[in-house]
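The structure appears right after this line, and notes come after that.
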Amino acid sequence: MNIISVGVNHKTAPIEIRERISLSEVQNKEFITDLISSGLAHEAMVISTCNRTELYVVPAMHEVTGEYLKEYLIAYKDARKEVRPEHFFSRFYCGTARHLFEVSSAIDSLILGEGQILGQVKDAYRISAEVQAAGILLTRLCHTAFSVAKKVKTKTKIMEGAVSVSYAAVELAQKIFSNLSMKKILLIGAGETGELAAKHMFQKNARNIVITNRTLSKAEALAEELGTKKVLPFESYKDYLHEFDIIITAVSTKEYVLSEAEMHQTMMKRRLKPVIILDLGLPRNVDPDIAKLQNMFLKDIDALKHIIDKNLERRSAELPKVNAIIEEELIAFGQWINTLKVRPTIVDLQSKFIEIKEKELERYRYKVSEDELARMEHLTDRILKKILHHPIKMLKAPIDTANNIPSRVNLVRNVFDLEEPNQQH
């Protein structure tokens, strides 16, 4: 009983290869349905994101190997010219489980501890379940992976601390002003970086966000998306600087959008009430001399990257704890897999003894009263339970390797003269 994982990710292939081999949700469903309907797989799931496309397959025949699945996906995407098997990784048995646990707990992510991947794994499982491609093995594997991710999030700090510039800026603002909901925020620039910063602010309960941008319609669109509907014309935002506790700049410009003189006047109007300026521009948007002003907190990208580097160091320090959780769950999953392998023998063993019991009781059915027969049946049930306890316990006992399972199964089948499974079914 095998679970194979093959795929490409940020470790094995450049982005152009990952893009070429990725699957949309429609393609995902079509691909795994084809694997099942063609008799190649009992179960199948595909995780497909910008950083990875990975297959998780329970093969239905020995010919379905890792190499076979690589070629099958390449052929499905008609990508033989661009994609080669060397771009793929392969995992088998518990290696597959370990890999999915590492992916789900975000230690295999491009950015260590990036929590978005768990939702993507859950989406992959949902898609597989919707087309009836997730059976007992994948269902147990995925739910164990979800459990691993939950334990990692609650028992370690692998996902704590900002690791993007925009989020680091917001996290810093929250450390200085603990309650962002009470602060008035000006966002200068509604591009990708500014948009991310605004959305992170919104997630931290900041609601009083005013947006200005050279193209007013872009500012209005972002304001509407956030639900603030507060904008300022780019030509006049400097007239209102004194009203804001936090100013975020994220524009493409060769000239400073805020000068030391302008912010000196602003601080006078505010009576030195503290202001945070988060300069997310490259080149810098803000005159660095502003940092010399009293009660003015200025942080640029370099300062924020220093925070990010420290956070990544802290996350890396949590890896031993994460790996310990994964190891514990991997052992439990492996033991569960082993019980599946011995279950047919346990069922056959119980069935044989029940059949013997029923034949022997049938001989006395008309020789004793119903009460006596019931007592005999109760007694024989107890005897059978005790007789079968040790061989069943031996079959279920933890083992060092999967290779020991056939020897145990064969021993029990030979001792109790059980037919081979393929002769019975």
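Every residue gets a Cβ built from N, Cα and C, even glycine.
According to Swiss-Prot, the features are:
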type	residues	note
BINDING	Thr49, Cys50, Asn51, Arg52, Ser109, Glu114, Gly115, Gln116, Gln120	substrate binding site
ACT_SITE	Cys50	active site, nucleophile
SITE	His99	site 'Important for activity'
BINDING	Gly189, Ala190, Gly191, Glu192, Thr193, Gly194	NADP(+) binding site
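A map of Swiss-Prot features onto the structure.
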{"residue": "Cys50", "record": "active site, nucleophile", "DSSP (3 states)": "coil"}
{"residue": "His99", "record": "site 'Important for activity'", "DSSP (3 states)": "helix"}
{"residue": "Ser109", "record": "substrate binding site", "DSSP (3 states)": "coil"}
{"residue": "Gly115", "record": "substrate binding site", "DSSP (3 states)": "coil"}
{"residue": "Gln120", "record": "substrate binding site", "DSSP (3 states)": "helix"}
{"residue": "Gly189", "record": "NADP(+) binding site", "DSSP (3 states)": "coil"}
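Cα-Cα distance from Gly115 (substrate binding site) to the residue listed as 'active site, nucleophile': 15 Å (rounded to the nearest whole number).
Taking the Cβ of Gly189 (NADP(+) binding site) as reference, residues of its chain lying under 8 Å away and at least six apart in sequence are, in sequence order, Thr212, Asn213, Ile248, Thr249, Ala250, Val251, Leu280, Gly281, Asn285.
Looking only at Cα atoms, Ala190 (NADP(+) binding site) sits nearest to Cys50 among the recorded positions Cys50, Asn51, His99, Ser109, Gln120.
With respect to their backbone Cα atoms, Gly194 (NADP(+) binding site) and His99 (site 'Important for activity') stand 35 Å from each other. Rounded to a whole number, the distance between the Cα atoms of Gly191 (NADP(+) binding site) and His99 (site 'Important for activity') is 36 Å.
For the residue listed as 'active site, nucleophile' paired with Gln120 (substrate binding site), the C-alpha to C-alpha distance reads 11 Å.
On a Cα basis, Asn51 (substrate binding site) lies 23 Å away from Gly191 (NADP(+) binding site). Spanning the listed substrate site, residues Thr49, Cys50, Asn51, Arg52, Ser109, Glu114, Gly115, Gln116, Gln120 have a farthest Cα to Cα distance of 15 Å. Distance between Cα atoms for Gln120 (substrate binding site) and Glu192 (NADP(+) binding site): 22 Å, as a whole number. Residues within less than 8 Å, Cβ to Cβ, of Ser109 (substrate binding site) and separated from it by at least 6 positions along the same chain comprise Asn51, Val103, Ile117. The most crowded of the recorded positions listed here (Cys50, Ala190) is Ala190, judged by how many other CB atoms sit within 10 Å of its own CB.
Neighbour counts were taken at the CB atom with a 10 A radius for the binding-site residues Gly115, Glu192; the maximum falls on Gly115. Cα to Cα, Thr49 (substrate binding site) and Glu192 (NADP(+) binding site) are separated by 20 Å.
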